[in-house]
Amino acid sequence: MSASGSQQGMTPAPKPEQQSPWAEAEGRLSRALRELGQTSWVVTILAVVVALVVGAVLILAANRDVQASLSYFFAQPTAFLETSFQVLREAYSALFRGAVFDWQAPSAERAIRPLTETMVYSVPLILAGLGIAIGFRSGMLNIGGQGQIILGATSAGFLGYALSMPVGLHVLLALAGGILGGAIWGGIAGVLKARTGANEVIVTIMLNNIAIYLLAWLLQQQWYKQTGSNQPLSSSVDESAQLFSLLGSGFRLHAGFLIAILATLGVWWLLERSTLGFEFRAIGENPEAARTAGINVPKATALVLVIAGGLAGLGGAAHVLGTEYRLAGGVAGTLGFDAITVALLGRSRPLGTFLAGLLLGGLRAGGVLMQAQTGTPIDIVLVLQAVIVLMIAAPPLVRAIFFLPHADGRPRLRRRSARRKARSTDSAAPVQERALQTSGAPNAESPGTMTPGTTTPGTQPPSTNTQEPGK
Amino acid sequence: MSDQTVSPAAVQAEPLKQSTTGVRPISWKYPITYAVLAALAVLFAITLPAGARTHFRLSSGGDFFEIPLVELPSRPAGWILALILVGLAGLAIWQASQRVRTRLWLPLLFGVLFVLAFLVWAGADRGAVIPLVTMLTGALALSVPLIFGAMCGLVGERSGVINIAIEAQLLAGAFLAAVAASVFTSAYMGLVFAPVAGALVGALLVFFSVKYQVNQIIVGVVLNVLIIGLTGFLFSTALTQNPELWNARQQLPRLPIPGLSQIPIIGPVLFNQTILVYLMYLIVGVLNVFLFRSRWGLRTRAVGEHPKAADTVGIKVNRMRVYNVILAGGIAGLGGAFFTIGQGLAFGKEMSAGAGFIALAAMILGRWHPIGALLAALLFGFSTSLGNTLATIGTPVPSEALLMLPYVITIFAVAGFVGRVRPPAANGTPYVK
């Protein structure tokens with residue numbers, strides 16, 4: 001998001017002598033298009049468009065009316081198109097009405113309720129997504145959001161109904177418990193990585209599954225769930241430990257959203273303004289250089305995952321104390337994996353993560369209404385978000401789909417000849433572009449990066465961090 | 001016999017000690033682990049009530065000759081097992097102190113005896129029979145998808161592509177196998193289509209990670225979400241609207257191998273299975289040979305260890321990776337078929353239930369080696385089966401603890417406790433000339 005400013009040698013008006021030979025030849029329109037294709041938010045929007053198209057195909061394929069009209073497609077093609085249009089309009093308008101603004105609602109209060117629902121869904125996504133994002137910026141792929149959320153929810157919920165305390169204190173203590181639970185779970189992976197070099201991807205995946213069984217076991221223990229029944233369901237969180245409602249009883253929006261905003265600001269400060277954040281980013285960029293510069297790499301590594309786990313745990317705590325109130329086996333749903341999507345979508349930036357969390361929360365909230373009104377299963381939201389992330393991760397693909405010019409200015413179809421030409425007259429090309437061309441990649445990105453427009457340090461999870469031996 | 005085996009070791013040890021100035025420190029990890037487990041077995045024996053009995057059922061329906069129910073007096077049996085375990089632990093400690101390499105039979109025997117000791121203790125005076133053969137059959141059934149998945153991950157990672165999407169490949173395989181078997185009303189058609197589904201997911205993985213050099217782990221995670229969403233969507237729409245057409249149950253028939261399947265205990269477990277399981281034996285065997293003894297295997301490992309060197313001698317690195325990952329996807333797709341047509345079940349939402357991740361763990365624990373991965377997957381399958389059995393007979397040990405076991409072991413393995421786990425050197429890095 002904020003990274004779209006500095007491009008790799010693609011400042012809006014490059015000096016004439018720095019222009020590559022083919023850039024001179026192309027017109028102003030194509031240059032504008034090229035810059036458009038490079039801007040990360042354009043890629044994001046186009047990715048959403050691709051996802052909606054894929055979703056549309058699925059919705060149409062699964063719809064009975066459309067199937068029926070397809071059977072007489074050649075006799076009456078308009079019927080098929082009309083039915084398809086009708087079905088899609090219903091589905092996607094339900095998605096929108098469920099996520100943002102419901103113009104069919106009987107009252108104004110009901111009309112704006114969807115937006116608040118979106119916020120409710122986005123709270124744990126934003127918080128956990130911030131945790132994942134910190135990991136990405138520090139060069140660590142924390143796949144363990146799920147486990148950390150579960151641990152956060154488990155400990156926050158338990159503190160929420162097992163203790164009886166005054167109103168303000170109780171909720172704070174429960175939240176702190178959630179942070180601690182998540183931080184411990186993240187810390188296991190962090191300490192193991194720092195001390196033994198254990199690959200954090202593997203450890204966090206394993207911890208996810210351990211957390212699921214741990215919760216399942218706890219929910220069979222009477223001392224833990226305190227319900228007296230055999231149902232694997234805990235008792236409800238005390239009123240004093242619940243996050244207070246922001247908009248009154250008609251809405252589910254709770255103070256967790258404020259926590260999410262504060263956490264976003266806090267993470268921004270941590271990463272961009274604090275010494276610790278600088279160390280995090282430094283070990284993400286180049287651990288060797290960081291070590292040379294006197295940064296305690298093992299300590300920073302462990303701390304990254306502790307903080308990341310704490311944030312995810314806070315997300316789980318907010319989810320239980322604000323929305324769910326009860327712990328069940330599936331309390332975390334797919335939140336942990338959605339949080340990874342959120343962090344990727346937000347390009348590991350705090351503000352970007354916040355907005356991406358809102359987007360995904362909106363998809364969730366809208367998906368519920370879409371399922372209720374049009375019978376389109378909510379699973380389609382998973383497809384949408386997966387397609388969005390895949391597209392964002394591979395901008396050249398998005399550019400290819402939309403016939404946008406290539407990132408380094410080579411026209412799409414004459415790529416090969418252009419490259420050959422570049423080799424003969426490479427003295428004219430600026431150094432950076434030349435390096436990219438000789439890299440021989442099918443696209444202009446340097447190897448391992450995910451987005452072309454973001455050369456700002458640390459915007460994407462480096463691909464190098466997985467090659468270190470697990471020892 | 002002992003003289004003969006000891007003396008060459010001693011002969012070998014002499015010059016080594018002289019030539020190296022610093023002797024490698026003795027690794028006490030394994031002996032200590034054995035000692036702790038042996039102590040646990042003794043604890044089991046102590047806590048066994050006097051006069052208690054443990055029942056084992058060693059036979060299944062169609063055995064060559066029926067083995068009657070075995071009834072063991074718990075306490076003596078527990079003590080005998082515990083003493084043998086203590087002896088084995090002592091042997092391990094002695095061997096470590098003498099710097100003698102422990103052979104593979106020791107951990108295997110130790111493991112089997114420890115499990116037996118545990119079962120004797122767990123089943124004592126429960127009034128329930130421990131169905132040993134059923135448990136082993138269940139263990140194999142749980143292991144089959146894991147083994148297929150681990151082989152898939154292994155082929156991918158040996159050629160340098162991390163595959164987190166094994167889960168997606170299993171699920172896709174299960175889905176397409178069920179649908180194809182149902183549409184063609186033949187389980188064998190499911191067997192044809194399942195690898196296609198897995199290979200398609202593999203193709204997506206390499207499309208993004210090799211062509212566009214997106215981080216392989218991220219593609220894997222996202223593909224998992226994509227396939228869960230896609231199969232879930234199709235399940236909730238087409239498959240539930242018209243289950244007779246799309247999701248009717250089909251089962252691969254069991255093909256008992258004459259002769260072998262009559263062997264007591266292991267016969268019905270190993271040789272009265274569907275063609276899918278025999279395929280699994282075949283794939284593991286073939287991979288074990290081809291990965292280390294063929295041109296393809298050498299090239300695959302070269303591409304995974306040092307792609308630049310491989311490229312220098314003319315191996316097409318990225319093409320090799322693409323082919324291998326797609327092939328591996330086919331293997332995982334077959335594994336997925338076991339969930340549906342292999343067990344005669346209809347497709348259900350997210351029915352792979354994390355097996356892909358356990359397969360990943362098995363591959364790591366097996367140190368990227370087919371046999372190692374096979375043993376690890378069997379261990380995981382067995383611990384799950386044990387957990388299920390214990391849940392039904394009701395023991396003091398929560399079944400969740402046993403279900404967690406694979407993951408805990410893997411964490412220990414990755415953290416360097418169980419030997420040194422080293423992935424292929426170029427694992428996870430895209431190759432750009």
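FYI, residue positions are counted from 1 along the chain as it appears here.
Every residue, even glycine, has its Cβ placed from backbone N, Cα and C.
Positions annotated as transmembrane segment by TrEMBL: B:34-56 (among others). For the transmembrane segment (B:34-56), the list of distant contacts is 69-75, 77-79, 81-82, 85-86, 88-89, 92-93, 110, 114, 117-121, 123-125, 128-130, 132: same-chain residues at least six beyond its ends, Cβ to Cβ under 8 Å.
Residues or ranges marked as transmembrane segment in TrEMBL: B:76-97 (among others). Beyond the ends of the transmembrane segment (B:76-97), by six or more residues, the same chain brings 26-28, 30-31, 34-35, 37-38, 41-42, 44-45, 48, 54, 106, 109-110, 113-114, 116-117, 120-121, 124 to within a C-beta distance below 8 angstroms of the stretch.
Sequence annotations record features per position, and here TrEMBL assigns transmembrane segment to B:104-122 (among others).
Beyond the transmembrane segment (B:128-148), the same-chain residues lying 6 or more positions past its ends with a Cβ under 8 Å from any Cβ of the stretch are 54-60, 69, 119, 122, 170, 265-266, 268-270, 273, 276-277, 280, 283-284, 331-332, 334-336, 338-339, 342-343, 352, 355, 358-359, 362, 373-374, 377-378, 380-382, 384-386, 388-389, 392-394. Positions annotated as transmembrane segment by TrEMBL: B:128-148 (among others).
Look at TrEMBL and you will find B:160-181 (among others) tagged as transmembrane segment.
Per TrEMBL, transmembrane segment is recorded for B:187-210 (among others).
Look at TrEMBL and you will find B:217-239 (among others) tagged as transmembrane segment. Within its own chain, the transmembrane segment (B:217-239) has Cβ neighbours under 8 Å at 162-165, 167-169, 171-172, 175, 179, 201, 204-205, 208-209, 246-247, 347-350, 356, 428, counting only residues six or more beyond its boundaries.
Residues annotated as transmembrane segment in TrEMBL: B:275-292 (among others).
The annotation transmembrane segment is assigned in TrEMBL to B:322-341 (among others). Within the same chain, residues 141, 144-149, 151-156, 158-159, 161, 163, 166, 169-178, 181, 187, 190-191, 194-203, 205-206, 210, 250-252, 276, 279-280, 283, 300, 303, 347, 351-352, 355-356, 359 sit at least 6 positions outside the transmembrane segment (B:322-341) and bring their C-beta atoms closer than 8 Å to a C-beta of that stretch.
Within the same chain, residues 145-150, 152-154, 157, 163-171, 174-175, 178-179, 224, 228, 231-232, 235-236, 239, 247, 332, 335-336, 339-340, 372-377, 379-380, 406-407, 409-410, 413-414, 418, 421, 423 sit at least 6 positions outside the transmembrane segment (B:347-366) and bring their C-beta atoms closer than 8 Å to a C-beta of that stretch. Sequence annotations record features per position, and here TrEMBL assigns transmembrane segment to B:347-366 (among others).
Outside the transmembrane segment (B:373-395), and at least 6 residues removed from its termini, the chain residues within Cβ reach (under 8 Å) are 115, 122-123, 126, 128, 130-131, 134-136, 138-144, 146-147, 149-151, 154, 284, 358-359, 361-363, 365-366, 401-403, 405-406, 409. Look at TrEMBL and you will find B:373-395 (among others) tagged as transmembrane segment.
Same-chain residues lying 6 or more positions outside the transmembrane segment (B:401-419) and placing a CB less than 8 Å from one of its CB atoms are 29, 358, 361-362, 364-365, 367, 379-380, 383-384, 386-387, 390. Annotation source TrEMBL lists transmembrane segment at B:401-419 (among others).
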Considering the transmembrane segment (B:160-181), which listed stretch of B:104-122, B:187-210, B:275-292 counts the most C-beta pairs under 8 Å: B:187-210
